[in-house]
Amino acid sequence: MSDESDELILGLETSCDDTSCAVVAPDGRVLGAATVSQIELHNQWGGIVPELASRAHIDKVLVAVDTALTEAGVDPARLTAIGVTRGPGLIGSLKVGVDTAQALGYGWDKPVLGVNHLRGHLRSADLEEKRVTFPALILLVSGGHTLLAHMTSSADIRLLGSTVDDSLGEAYDKVARMLGLGYPGGPVVDRLAKDGTASIPFPRPMLADGLNFSFSGLKTAVRNFLAEHPDAPPADVAASFVAACLEVLEVKCRRALRQVEAESLVIVGGVAASPQVRQRAEAMCTDLGVKLCLPPLRWSTDNGAMIGLAAWDYLARGVDVGLRPTSSLSLDLF
Ligand code: KG4
Ligand code: ZN
């Protein structure tokens, strides 16, 4: 529940397969939130079907808005603004969020700010409490992106490297599909891997090579291995795949931390929900004496709260980039 003195933004996220809305204060407190997942809808197809995603967003977006406002106990008249994801993401899904936000903003007489989804993920590490300290190394690992960036202040983001092909989350999802584990595969592969032995020497792509990532060759190596060894224990395949991913992430983070000054390591995006990623990062950061900043589990995957908190930055800096939905958008842009 909110205090009468709280300033509040309504954050709306519909870029992919979650319809999510939250009421957020400038300090990152989340007063009410609702997320309607489309997992069941897409699971039967083994992956996201964009047209079905857009329709499901249309169905659920006002339910999510109502639920978040009711949980917060807030009348729309009290909102300072609405923040909505304008990209990157699926164009049809983004359009549902943007159109809804515009209609609500018009009806409620509130400004509407288009927010970069990646900046939302970045801010997720400060939800509920402030964690991030600068200078910081950012590792963003989601279904759509895998990148490293350096931040010396909240206004200064410099990209250091990104994937040249698949994202990490995409690789998890595709390996899950090969193992017949359904969609989204990340959490299932991660859990299964804990019961297996990492005995298969899958490649560690681009390990010796700078700060870019590549996961397509690793995914193909898993596919080829399964074609040759159809009876291999799935838990061992998952464990070996996860071991390769974790080693790549750790080597790249350590390399980046040698190259840039960083007081903290911030890991965000859906794959940051992985307990294995979290444990490995904790061990590495303890070893290096770097502060680890992770979003609470609930805010690691896509959500409206991170969009609301990012929208506060836009307001504070007077940034208004408009509301045109955009399928690709870089982290360093608004
Ligand atoms: O950030 P996100 O919710 O959506 C995008 O912006 O892409 O990330 C979704 C990705 C999916 O690939 C999903 O499989 C992965 O995050 N993911 C996980 C876990 N939870 C979600 N991967 C590994 N372990 C998890 N626990
Ligand atoms: Zn995301």
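Cβ atoms are placed via backbone N, Cα and C, with glycine included.
Copied over from TrEMBL:
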- H117, H121, D302: Fe cation binding site (BINDING)
- L140, V141, S142, G143, G144, D173, G186, D190: substrate binding site (BINDING)
- 30-308: domain 'Gcp-like' (DOMAIN)
Any further residue of that chain within 8 Å (Cβ to the Cβ centroid of H117, H121, D302) of the recorded Fe cation site: E13, S15, C16, T85, L118, G120, S124, S142, G269, N303, M306, I307
When distances run from the Cα of G143 (substrate binding site) to each of the binding-site residues H117, H121, D302, the nearest one: D302
Close-lying binding-site residues around ligand 2 among L140, D173, G186, D190, where CB distance stays under 6 Å: none
Integer Cα-Cα distance in angstrom, D190 (substrate binding site) to H121 (Fe cation binding site): 21
Substrate site span - longest C-alpha distance across L140, V141, S142, G143, G144, D173, G186, D190, in Å: 18
Minimum Cα separation from D302 (Fe cation binding site), reported as the residue among binding-site residues L140, V141, S142, G186 that achieves it: S142
Cβ neighbours within the same chain of H117 (Fe cation binding site) - under 8 Å, at least six residues apart: E13, S15, T85, G87, P88, G89, D302, I307, L329
Local Cβ density at G186 (substrate binding site) - other Cβ atoms counted within 10 Å: 26
Neighbour tally for D302 (Fe cation binding site), based on other Cβ positions within 10 Å of its Cβ: 28
Integer mean pLDDT for the domain 'Gcp-like' (30-308): 97
